Amino acid sequence: PGLAAAIPAPPESQEKKPLKPCCACPETKKARDACIIEKGEEHCGHLIEAHKECMRALGFKI
C-alpha cells in the first residue's frame, strides 16, 4: 500500500485523449468512496461535493 502514490502519473492534460471521468480527481474520489463505505452516503455530503467541484474544474458537467 502507498506505492502507487510514489509513482508520478503521466501528464494527461498534454495528451490529445480526453480525461475519462473514472480517472479524474483520484484524491477526492478515494476519500468520497471510503467515506460512503464506512459511514454511508448521507454522512459524506462534503466529500461528495468536493469531488463534484474537482470534476467541474476539469470541465466535466455534473
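In case you wondered, yes, glycine gets a Cβ from its N, Cα and C as well.
Keep in mind it's a predicted model, so treat the numbers as computed, not measured.
As annotated by Swiss-Prot, phosphoserine applies to Ser13. The annotation N6-acetyllysine is assigned in Swiss-Prot to Lys17, Lys29. If you look up Swiss-Prot, you'll see Cys22, Cys23 marked as Cu cation binding site, on the strength of similarity to another entry. Per Swiss-Prot, the feature domain 'CHCH' maps to 22-62. Residues or ranges marked as motif 'Cx9C motif 1' by Swiss-Prot on the basis of sequence analysis: 25-35. Sequence annotations record features per position, and here Swiss-Prot assigns disulfide bond to Cys25-Cys54, Cys35-Cys44. Swiss-Prot lists 44-54 with the feature motif 'Cx9C motif 2'.
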Next on the checklist: Here's one to test understanding: among the recorded positions Cys22, Cys23, Lys29, Cys35, Cys44, whose C-alpha is closest in space to the C-alpha of Cys54 (disulfide bond)?
Outcome noted: Lys29
Checklist entry - Quick one: Cα separation, Cys23 (Cu cation binding site) versus Cys35 (disulfide bond), in Å? => result 19
Item to check | Spatial neighbours of Cys22 (Cu cation binding site) that are distant in sequence (at least 6 apart) but have CB under 8 A | outcome: none
Checklist outcome for this item: Lys29 (N6-acetyllysine) -> DSSP, reduced to three states, gives helix
Checklist entry - Do you know the DSSP helix, strand and coil residue counts for the motif 'Cx9C motif 2' (44-54)? => result 10 helix, 0 strand, 1 coil
Item to check | Tally of DSSP helical, extended and coil residues in the domain 'CHCH' (22-62) | outcome: 30 helix, 0 strand, 11 coil
Item to check | Protein Cβ atoms within 10 Å of Cys23 (Cu cation binding site), excluding its own | outcome: 10
Checklist entry - Mean pLDDT over the motif 'Cx9C motif 1' (25-35): what is the value? => result 98
